Amino acid sequence: MRGSGRSDIVISAVDALDIRITLTSNDCDKYPAKQHARRVAAKLGVSSGLIYLVGQPTINWGDSDQPRPFRQRRYFYYLSGVDEADCYLTYDIKNDLLTLYVPDFDLHRAIWMGPTLTVKEAQERYDVDQVRYYASLKGDIQRWAGNYNKTSLLYILHDTQKPQVLPNELRLDDESLLPAMDAARGIKDEHEIRMIREANRVSALAHRKVLENVLRMWTEAEIEGLFLDTCISHGAKNQAYEIIAGSGENAAVLHYVKNNEPLQGRQLVCLDAGAEWNCYASDVTRTFPLAADWPTARARDIYQLVEEMQEECIKRIQKGVRFLDLQVLAHVIAIEGLMRLGILKGGSVEEIRESGASTVFFPHGLGHHVGLEVHDVSAKRLTALEGDKEYYSSTLVPSVSHCPCTLSAPLLEEGMVVTVEPGIYFSRLALANARKLHFAKYINFDEAEKYIPIGGVRIEDDILVTSSGHENLTTAPKGEEMLEIIRRGIDN
C-alpha cells in the first residue's frame, strides 16, 4: 500500500506449513542507502563535509553508436541503491542530508529509450532524503560551498570526478573517501546478506541444472549457455563475473573464459560461475566428472583432497580468526595429500611449505571478500601483511604460503562474507617452469605429469562470518550429492 507508512502482509501461498509472506510496503525492501551514508561518515571520522559521488554515465563503444552494457559504479550504488545511468549524489554530513540527482527529462531520449526516473518515482523508490533533477546540482553545490566553514571538505573518490564549478578556496579531499567506503563495505548488513544469499540461491539452481544435463552435452559452450539461461529465467540477468567452464586441461587455467572446446575425451569440468542479484555477487565453483562417477582414481583422489582442504578451512571460520592462517592450513593439507600421492617428496611438510613448492599446484589465495564486487573491497585485503600495499584481491596474486609472520594479517569480523576456494591444478606451463626453480627437488615431475589430463579441481563456497561462527550461503551441490544428480540425469 503505497504511502501508507506501514507494511501490509499478504499470504500469497500456503503449502502445508510453508507460508510465504509478501511485504507490499515500499519501505520494507528499500536499499539502506542512508544507513550506509552514515556508516561511511563514521569511517571518515568527521562531523561536517560533503560527499560527492558520480554514477555510471551512458557510454558508447569506441567508434560506435552502440552503448556499452550498463553497470553501475559500485561505490555510487552503496550510497544510493540506484541502478540507473547518469545519476549523481551528495551527502551533507553535518545536516545528515542525502540527495539524489536524476537526469533531466529528455523527450528524444524518452521516445527512443523510454523515460528516465522522475523525481517522484525516485523519492518513492530509494532511501534518500530528497531527489532533484540534474539541472539543480551545480547550484546546490555552490550554495553548500558558500555556507561551508574552513574545516569542511568536499570528499570525492577520484580527482577526475570533482564537480565542474567550485570556489577556488574550497578544499577537496580525494584520498579519504575511498578507504572509508572500503572499510564500510567490508562488513555486510542484513539487506546485503539477503542479496548475496539470493544470488547464491539462483546460482545453485543453475549449477544443479548443469549437473542434471551435463552427460547430454558436447561442448563447454553448452554448459555456459545452460547456466546463463537458468539464471536469467530466475530473474538474475547479470553474472557477477565471466563464466569459467573449463574441461580437461582447461580446468588448470584459473580464469579460462573461452568456453569453446568439445567435452569429448575430457575427465572433469571446473565450472566457476555465480549470478548477481540486485548488484550483489555470488562466487561459486564446482568441479565434476563427465561421467556417472570419477573416471579415474587420480581424479577422485584430487577431488577428495581439495574437498578436505575446503572442509577443514570452513569449519574454522569465525570472528577473530586470521584468514591467512587458514590459507597456510590449506597448503599444509595440500602438501600432506600430494606427498601421499607421491607428487611431492624429499622433505618434511614444513620444509616443502617454506620452499613454496606447493604454489605450483595451489597458486592462488584461499579466498576474498564478496559483495557488490565479486572480489569485494574491505579495510584490508584478507591475506595482507603490515606494509603490504597490494590492492588486488588475494585470488589474483601469488599465495603467501611460507610467510614468516602472520600477526599483522587482518582478523575475520562478524558480517564479513568471504569465499573459501582451495584448488589443486596440474598445469603444463607451471610444471615446466617449476623445473627451473629452487624447490624443484621437492616435486616428482614424472608423477605430477600423469595428472595433467585432470586439469584441476577447485571447490568454492561463500561463507558469512556470524556472531557464533559461520553460515555457508552456498547451496550448490557438491561431493556425493553432486554425483547422484549426474547419475539421475542419465535416466531423465
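Using the three backbone atoms N, Cα and C, a Cβ is placed for every residue, glycine included.
Computed from a predicted structure; not experimentally measured.
Now, the feature entries from Swiss-Prot:
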{"type": "BINDING", "residues": "Asp272, Asp283, Glu460", "note": "Mn(2+) 2 binding site"}
{"type": "BINDING", "residues": "Asp283, Glu421, Glu460", "note": "Mn(2+) 1 binding site"}
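Everything Swiss-Prot records as a feature, shown here on the structure.
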residue	record	DSSP class
Asp272	Mn(2+) 2 binding site	strand
Asp283	Mn(2+) 2 binding site	coil
Glu421	Mn(2+) 1 binding site	coil
Glu460	Mn(2+) 2 binding site	strand
Extra residues within 8 Å (Cβ to Cβ centroid of Asp272, Asp283, Glu460), Mn(2+) 2: Ala273, Gly274, Val284, Thr285, Thr419, Glu421, Arg458
C-beta crowding around Glu421 (Mn(2+) 1 binding site), within 10 angstroms: 25
Neighbouring C-beta atoms (10 Å sphere around the C-beta of Asp283 (Mn(2+) 2 binding site)): 30
Cα-to-Cα gap, Asp272 (Mn(2+) 2 binding site) vs Glu421 (Mn(2+) 1 binding site), nearest whole Å: 10
Glu421 (Mn(2+) 1 binding site) versus Asp283 (Mn(2+) 2 binding site) - Cα distance in angstrom: 9
Glu460 (Mn(2+) 2 binding site) to Glu421 (Mn(2+) 1 binding site) - Cα separation in whole Å: 4
For the Mn(2+) 1 site built from Asp283, Glu421, Glu460, further residues of that chain with CB within 8 A of the site's CB center: Asp272, Gly274, Val284, Thr285, Gly367, Thr419, Val420, Arg458, Ile459, Asp461, Asp462
